[in-house]
Amino acid sequence: MDMRAMDDAESSEAVDALKTAAVCAPPPPPAAAMFTRMVKLRLLNAVAPAYFSVATVVTFILYFYLFIPTIFPGPDSALGSSGTALHALAFLFLMFNALGNYVMTIKYPAESANESAVPVCSPHCSDKVDAHYLLNGRHFCKLCKKVILKRDHHCFFTGNCIGNRNMRYFIMFCVYTSCTCLYSLVLGVAFLTLEYDVCFRNPLTFLTLLPLSTGHFFMGTISGLHLFLVLMLYVWLGIGLVCAGFCCQQVLLVARGQTWCQLQRGELVDCHSPWRNNLRDVFGTRWLLGLILPVQTAVPTQEAEELKLD
Ligand SMILES: [Zn+2]
């Protein structure tokens, strides 16, 4: 078969696929519903980074101005000044890595350098979510307004799409954010026990602590700071568990060579490369360094990535 005949066969297959998609695809949602959905997503895209920044600043202030002076009051405390310094160093290390990987996720986006206009959608584009599905794992994100290579999902906390290039930073951001939150939760529990005599021996304390504290606050028996710290315990617990779960899910997807977008469309990737290679593609050859510092461990060129996809 010559090249022209092959091209004709491919184009007729593409037309058939488009026809099939047109018949099988669900009807698009009304324009008003799409508009409302996009407004909500854009609002979330603005609110989530602000929430993250406020939570970070509040955690920092509580740690150094309340927890450390109260739990480790001085050299005479049980842990002594070296123990206090170790705790402060551990906290700064976790915070540095969480924020460093957050910045790297934004600094190295997964966008394609060669495509800036909205390209033609693939036959499988449902156009009911926040992105147009193109071919070869590329998406046009309506929030980022960019073509993203091997898109996984749009992260509202970073306001960026997560793809192959920034997946490693995103996973490490989840790991260190989870550790920082769970560590802050432990110190928060210690502070409330020491300062306000709250007892955490009963495993059901976390179920009753918030409603009881809210009731006591409105009766005037506890202070606003006390209630705020109780609220922060739930914030740290929630973010810590969500980030840990999200991190495990992302690592499993990366090991399988699959993306969240593919999973949502019900596509199971028939990946022949071993999980070690899939992980190395994302975490790089110097992955050990990447576990402890927010630095580049793989420097894939844009051209190489686009060639790999096309
Ligand atoms: Zn995006």
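Here the Cβ of each residue, glycine as well, is placed from N, Cα and C on the backbone.
All TrEMBL annotations are machine predictions without curation.
Noted in TrEMBL for the protein shown:
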- 138-261: domain 'Palmitoyltransferase DHHC' (DOMAIN)
- 43-65: transmembrane segment (TRANSMEM)
- 85-104: transmembrane segment (TRANSMEM)
- 169-194: transmembrane segment (TRANSMEM)
- 214-237: transmembrane segment (TRANSMEM)
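Residues of the same chain lying 6 or more positions beyond the ends of the transmembrane segment (85-104) and with a Cβ under 8 Å from any Cβ of it are 52, 56, 59-60, 63-64, 68, 72, 79, 157-158, 166, 169-170, 172-173, 176-177, 179-180, 183, 187, 292-294, 296.
Within the same chain, residues 55, 58-59, 62, 181-182, 184-185, 188-189, 191-192, 196, 206 sit at least 6 positions outside the transmembrane segment (214-237) and bring their C-beta atoms closer than 8 Å to a C-beta of that stretch. When the domain 'Palmitoyltransferase DHHC' (138-261) is classified with DSSP, helix, strand and coil residues number 80 helix, 12 strand, 32 coil. A mean pLDDT of 91 is what the model gives for the domain 'Palmitoyltransferase DHHC' (138-261).
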